[in-house]
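> Here it is, the structure, as structure tokens.
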Amino acid sequence: MTTILKHLPVGQRIGIAFSGGLDTSAALLWMRQKGAVPYAYTANLGQPDEEDYDAIPRRAMEYGAENARLIDCRKQLVAEGIAAIQCGAFHNTTGGLTYFNTTPLGRAVTGTMLVAAMKEDGVNIWGDGSTYKGNDIERFYRYGLLTNAELQIYKPWLDTDFIDELGGRHEMSEFMIACGFDYKMSVEKAYSTDSNMLGATHEAKDLEYLNSSVKIVNPIMGVKFWDESVKIPAEEVTVRFEQGHPVALNGKTFSDDVEMMLEANRIGGRHGLGMSDQIENRIIEAKSRGIYEAPGMALLHIAYERLLTGIHNEDTIEQYHAHGRQLGRLLYQGRWFDSQALMLRDSLQRWVASQITGEVTLELRRGNDYSILNTVSENLTYKPERLTMEKGDSVFSPDDRIGQLTMRNLDITDTREKLFGYAKTGLLSSSATSGVPQVENLENKGQ
């Protein structure tokens, strides 16, 4: 059976991921006019720039949908976001600033929950608005087929008939008006934005050029912290975790994770926390550039890793970072539910996150400028009395340290012999002054 359909399957049910924007509105209306039977599915992901979710399915029905459903994905989205924090599933960082994989997390939830809803309605053909150059076309493909093995894919933006008739936003707008819908294009921005309640992605258009900075972006989850005219007073915030799960902000306990994330967004957003500018590698290994917002994720991540470093030993922390980066890449590629990802998630949540209990107090200032004011946990292995510089009882003595250093002579001797072995083969040069072979200065060799 052909998985990807290049032309409209006339007379068949097609589920379309319907946002209510111009692209999906025109596509839905066009498919109905050409003889398909479109079903519209809208994901409520808590998008900060969406004002009225209930109106979206109504518009879909007006444009010819056989049926239209609004699927509440917020609870599942926040659950996956917390899991990503517990696992450190983030692989794109620049200068210490992290992209929290908020779009890949949203696609994992949307791609599974919408296709599951379609399956309930007997709809086995799925269309969405992703383009062939991006990551989402592969993410949705993978998640869709994982959820429904019988699924076929039809994307209007891969159909030459659709492209020939409605190849641009102007043509789509004219098409809607000609069909009796007073649909006016929204004001064109200098970039494109995609968002969910975990974060926002700004990319494309002017942001494709690296001489266009964050300063052209109008944040939808935070503030323009780079604008000195924007007043941002410092603020203290306390975050509490229990067994790896964020449960309280500023002493207020949340039984609803969605409400907790919304409050974390509000707190971090007041300062512009979590904004970053990243050059990343798409799934097809071409580089792209995005500017990201994730105020709540950033706040929780900072507090989580502060507790992590005070609770776990060095080797565990090293494995957390290594496996977290690996898991983040799998998430980015649309493999969040693949077996290799589940294996990494299980080990990180079971052996790392389960011990993360405690409170962290921070002072937030402008952007990603903050200070950690206090860290409290019953599980801390940080014990200041062990290494105090003050006189008093100690867990080990000077003689103990002499013995420990003496044992180091074994590997120091081995290392010295290797250095001289490298010098004999020409990999290192001998040093008359230090007595230790050294890497040659390439400048002296004219290289």
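Please read every residue number as a count from 1 along the shown chain.
Placed from the backbone N, Cα and C atoms, the Cβ positions cover glycine too.
Bear in mind that the values here come from a model prediction, so they are computed numbers and not experimental data.
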> May I ask you to find which of D194, D206, D227 Swiss-Prot records for the ATP site already listed with A17, F18, S19, G20, G21, L22, D23, T24, S25, A43, G129, T131, D136?
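Of the residues offered, the record points to D194.
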> Name the one residue among S192, S213 that Swiss-Prot lists for the same L-citrulline site as Y99, N135, R139, T201, E203, E280.
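Checking S192, S213 against Swiss-Prot: the L-citrulline site match is S192.
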> C-alpha of T201 (L-citrulline binding site) to C-alpha of G21 (ATP binding site): distance in Å?
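That comes out at 17 Å between the alpha carbons.
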> Cα distance, D136 (ATP binding site) to Y99 (L-citrulline binding site), nearest Å?
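Counting only the Cα atoms, the answer is 17 Å.
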> Could you state, as a whole number of Å, the largest distance between Cα atoms of any two of A17, F18, S19, G20, G21, L22, D23, T24, S25, A43, G129, T131, D136, D194, the listed ATP binders?
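Largest Cα to Cα distance for the ATP-binding set is 19 Å.
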> How far is it from S19 (ATP binding site) to T131 (L-aspartate binding site), counting Cα to Cα, in Å?
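Here the two Cα atoms lie 15 Å apart.
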> What is the one among the binding-site residues A17, S19, Y99, N135, E203 whose Cβ has the most other Cβ atoms less than or equal to 10 Å away?
Y99
> For a quick check of packing: other C-beta atoms within 10 Å of the C-beta of G129 (ATP binding site), how many?
18
